[in-house]
Amino acid sequence: MKSVLGFKKAKANREKISMVTCYDYTLAKIINSTDIDCILVGDSGGMVLLGKKNTTYTTLDDMQFMTQAVANGATDKFIVADLPFMSYRQSLEITMQAVTTLIQSGAHAIKLEGSSGNLDIIKHIVNSGVPVMGHIGMTPQFINSFGGFKVQGRTEEAAKHLLEEAKLLEQAGCFGIVLECIPANIAKDITQNLDIPTIGIGAGSNTDGQILVLQDMLGMNTDFQPKFVKKYIDGSKLFSDAINTYVKETKANTFPTKEHCYDYC
């Protein structure tokens, strides 16, 4: 997927959209060689890459650093970058400075969380020439309001509110919406009532696409295994085994061998 137009085309053709998160150059280069449609430089990188407590601690400087790294590695992919916590809630000027920073760092679009209080901001960003992706449901930047990472939309009233939010985001100009940790039937209803694609994470299989944190799907984080994540490999074990093999060979002096040495060895 080369541009935001690919999202609209995929929705029209009923083609599923695949997305993963990425935060660094090395993994971005690998992803660039795959069939993945889109990369999200998520504020989750503050947790996954930098070890921060939650995404409210991720800064614009963090996002700039990660976006530049990913853009340098994934030169053929469409890149969306998260606006970090409070970067779009202080003033329009501060918001647009943050948007400019991420776009000039290599992002092709930005994502922000929630609808209430954001609609005029989204319209302004879109009218400024920057595509915007919405995000509703379990929005991690609102963790303190939610009282933790909890599934949203489990009551009739909450489900109705999510649909209303999605429609408002579409009307404001969003080209797509992430639906996070909501019941599958609610995600299906939202998807069927929008002309823009929905990207699910913990939202069932009836969304227009899926997104996962790369390190989660690669099994690199043994301490975080939510229900909605499928581990495609046991990355933690693969890496640990490789490192331990290197340690053993070093101590046994079986590495390096002649093939790893220059002529003077």
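Glycine too: its Cβ is placed from the backbone N, Cα and C atoms.
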- Query: Besides D43, S44, D82, which of K11, K16, K29, K111 does Swiss-Prot list for that 3-methyl-2-oxobutanoate site?
  - Reply: K111
- Query: Rounded to the nearest angstrom, how far is the Cα of K111 (3-methyl-2-oxobutanoate binding site) from the Cα of D82 (Mg(2+) binding site)?
  - Reply: 5
- Where does D43 (Mg(2+) binding site) sit in DSSP terms: helix, strand, or coil? coil
- Should E113 (Mg(2+) binding site) be counted as helix, strand, or coil on the basis of DSSP? coil
